[in-house]
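Visitor: First the structure, which I've put down as structure tokens, then a few questions once you've had a look.
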């Protein structure tokens, strides 16, 4: 099942009291909610998962769901339904999550455990070919010689969807800040499709549904090209996207010009959010109607940022939802 899903309109009011965490609208947009685990929840979670090092989560995939259940139980089983309803709700679909007391690179393993628990309450994180694990950790430094914009600090990483060059469904993306030193700038950039003023123009274009070729550079460790259109629809006919400017390969002049105009229209949108993500926090978004990117950094010889990502598919009890296949 995937994100092309209609959910019954019974989302929990963000003003409701929850057990083990708080939930409020973010300062940037009511579409983006901030979820904070209390100090007690954080400490009890870390105590109960201490017996499993990160390597155990890597080797035994069922443990990723076990730590998710532990976290949900600590939240009186209110967390899992809240996560699903928020991420599947077209009006929201995004969370900024943190746990009180997890805010230092020395706690990197604890960060991976927490993010893994949250992700596996909504689905399962896909194999990441770049890292060879279900998650990837990577570092941005002042000088970069890589073959994509992922680690390049002094330019904007344009807005995009993840999973465009793989065959696996990528319903959600999780991006966590593990470390940051000598950093200015570099906020996360987000754009909800319904806030993009040029959506209707490009969605109705004849090329919007034409399958196009997506090919990744060598660092991604993916050798097979995939073909799919830039736009699709959910069960209610609303637009969703699978797009990244770096990896789409236009076959002719017509496609190249249209993709260039599409990129310009996205990057100049007035609906873009700039979201600071402190160390220990992570963004969790619906990948099919949110685009994400990163603003540029101010140069510094000792600039360093370490990130962790997970991306995967939604999985839940089907009798509560109608799923577009």
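Here, residue 1 is simply the first one shown, and the rest follow in order.
Just so it is clear, glycine is given a Cβ too, placed from its N, Cα and C backbone atoms.
Sharing the features that Swiss-Prot gives for it:
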- 160, 162, 292: Fe cation binding site (BINDING)
Visitor: Neighbours of the Fe cation site 160, 162, 292: Cβ within 8 Å of the Cβ centroid, same chain, sequence order.
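Guide: Output for this site, in sequence order: 159, 161, 173, 244, 287, 291, 293.
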Visitor: When a 10 Å sphere is centred on the Cβ of residue 292 (Fe cation binding site), how many other Cβ atoms does it contain?
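Guide: Within a 10 Å radius of the Cβ of residue 292 (Fe cation binding site) lie 21 other Cβ atoms.
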Visitor: Relative to the Cβ position of residue 160 (Fe cation binding site), how many further Cβ atoms are located within 10 Å?
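Guide: Cβ-Cβ neighbours of residue 160 (Fe cation binding site) within 10 Å number 22.
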Visitor: What is the Cβ neighbour count of residue 162 (Fe cation binding site) at a 10 Å cut-off, with all protein chains included?
Guide: 21
Visitor: Taking DSSP three-state, what's residue 162 (Fe cation binding site) in: helix, strand or coil?
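Guide: Coil, per DSSP.
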